Amino acid sequence: MADVLSRFNSGKLWDFKGGIHPPEMKSQSNSQPLRHLPLGTDFYIPLKQHLGTTGNLLIKEGDYVLKGQALTKGDGLRMLPVHAPTSGTIKSIKPYVATHPSGLDEPTIHLQADGLDQWIERNPIDDFSTLSPEQLIHKIYQAGIAGLGGAVFPTAAKIQSAEQKVKLLIINGAECEPYITCDDRLMRERADEIIKGIRILRYILHPEKVVIAIEDNKPEAISAIRTALQGANDISIRVIPTKYPSGATKQLIYLLTGIEVPSGARSSSIGVLMQNVGTMFAIKRAIINDEPLIERVVTLTGNKIAEKGNYWVRLGTPISQILSDAGYQFDKHFPIFAGGPMMGLELPNLNAPVTKLVNCLLAPDYLEYAEPEAEQACIRCSSCSDACPVNLMPQQLYWFARSEDHKKSEEYALKDCIECGICAYVCPSHIPLIQYFRQEKAKIWQIKEKQKKSDEAKIRFEAKQARMEREEQERKARSQRAAQARREELAQTKGEDPVKAALERLKAKKANETEPTQIKTLTSEKGEVLPDNTDLMAQRKARRLARQQAASQVENQEQQTQPTDAKKAAVAAAIARAKAKKLAQTNSTSEAISNSQTAENEVEKTKSAVEKTEENSTALDPKKAAVAAAIARAKAKKLAQANSTSEAISNSQTAENEVEKQIVR
């Protein structure tokens, strides 16, 4: 910190590497005083005009609003509000073309002016020191002030983040880019208000040194600031050489102190804070006049504009209307740029509105603009590296961007590129290096945003898992406490702990299971000691009887539920008859009479079974038929062995007749 101040106090100016001296072209617009354009009828106010997040709407369609009324609100210093540039009615809130080279739409408020230009109630003050630094920062935030030098970073957030670190406060009045003269004219005409805004910021930050840096090509502005200071020594002026891009933050700090801001760090890390002169004017108007940021100075220049100069322009005014009021000669062959020729953005749609970012509208003719030359191969001449004010290697970054080697692009400090456009300006191969670098930055940003969202999702998932585990543990703890309470209650009412009693019963059961089994013995006739298996044999006998009884029950059940197949039984009987006839021819003993009678009885039984079957059911049971046939064959075989007389033939014939009758039936 002290090193920064000692170097600054030496009064020496350092020169940064690289840089160029393009034609200034500032005389087109800096000779005329600040003017106002006619109040328009339609204003398009984007909800987000700063580097940060969009505020929350305070109005709806059809509402009547006054000039300076807040249309959105935020919940943090980086969520700046936007305000009504005039009084009128809210016609719609919907997407509208953005002031961006992409030409995409963004959420926008359409305000139709009533022509009265009526302010909201304001509370101006004369002495800002009656308010605390915190109150002043809050008022700056409520006024919606963002950096008007081009970065549009929320001013209140920038001040608060550096509040305890600032030793050197630099007010940037360099305005180094060609054509642009809005800061020059503002310093010439509103120097008193700029100085008051600087003193408000000094009161908030308490820096040891405050300096206004102005390029030496603005003698009128330098004189006006000196006059406004009236010999005061609390603010000093440093006149710096005209060189592009001396107005860039890191380059101007190096010019005044000889110290480089570390890569990836902010200027506040070395005790320096920088603000634009236009921002100082806006701070004064917000604190002293109680006016939010609803207008800014815009340079209208280029040979296609008849009334060149610097104008007070209400934010939200369509660019087409501004150009028309300034005498713009429309020509589709020549584009319109928002900003200067080095860092400006080509506008695809002139219906886009002026925002806090727009400091210049450039409308060149054929003498100032030509179609880009055809891109050729890089010849590695090192012109871009020699001219780069940030000590980068644009030719290497070009190859990395083309091959989408994002890791190498970051290793070669692409993020430090200030997009000043010098590399493309000096390139003999007409390579649009800035376009490549902007696209590469956008791709890297998208990759990091995707990774950031993935990490956030992982954190949320892990937090959810931890919460679920915690809730599960709490649930178990509640269950344990409830169980303990029940045990204590039972112990008090019944005199014993149920859990303890259950454990004792379990222990007793295990003890019984482990006791040795007593083996019974008996003594034989010979005096030998033998195991007594009486109980075991009785158990076996009981199990055998149980199995037999179960089988008998199953058989009886099957006989009751499954009827005999009459046809199968008849066939079996016929087979038995044939075998009996064959056997009867060889048997002739008198015993055949009795056996033949037995066969007749069997036939009668079969007949009875068939009749019973026909009475009970018409269903067929193949299994029963097979059993009946087997029984008939066995009985026929037995009869054949006993029959030996000739009478058996007659009896067998009789049996055959009976079977045939049965079949016929």
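Just so you know, glycine gets a Cβ as well, placed from its N, Cα and C.
Swiss-Prot names Cys378, Cys381, Cys384 for binding [4Fe-4S] cluster 1. Of Cys182, Cys420, Cys427, the residue it gives for the same site is Cys427. For the [4Fe-4S] cluster 2 site, Swiss-Prot lists Cys417, Cys420, Cys423; matching the candidates Cys360, Cys388 against that entry yields Cys388. Cα spacing between Cys417 ([4Fe-4S] cluster 2 binding site) and Cys427 ([4Fe-4S] cluster 1 binding site): 16 Å, rounded to the nearest whole number.
Taking every protein chain shown into account, Cys381, Cys417 are the binding-site residues, and of these the Cβ with the most other Cβ atoms within 10 Å belongs to Cys417. When the alpha carbons of Cys388 ([4Fe-4S] cluster 2 binding site) and Cys427 ([4Fe-4S] cluster 1 binding site) are compared, the span between them is 11 angstrom.
Counting only the Cα atoms, the space from Cys381 ([4Fe-4S] cluster 1 binding site) to Cys423 ([4Fe-4S] cluster 2 binding site) is about 12 angstrom. Comparing Cys378 ([4Fe-4S] cluster 1 binding site) with Cys420 ([4Fe-4S] cluster 2 binding site), their Cα atoms are 20 Å apart once rounded.
Under DSSP, Cys384 ([4Fe-4S] cluster 1 binding site) is assigned to a helix (H, G or I) in the three-state scheme. Around the Cβ of Cys384 ([4Fe-4S] cluster 1 binding site), the same chain contributes Pro394, Gln395, Ile422, Cys423, Val426, Cys427, Leu433, each under 8 angstroms and 6 or more positions distant in sequence. Away from its own ends, the domain '4Fe-4S ferredoxin-type 1' (368-398) comes close to residues 16-20, 25, 245, 248, 250-251, 302-303, 334-335, 341, 408-409, 412-414, 416-418, 420, 422-423, 425-433, 436-437, 440 of its chain (Cβ-Cβ under 8 Å, at least six residues beyond either end).
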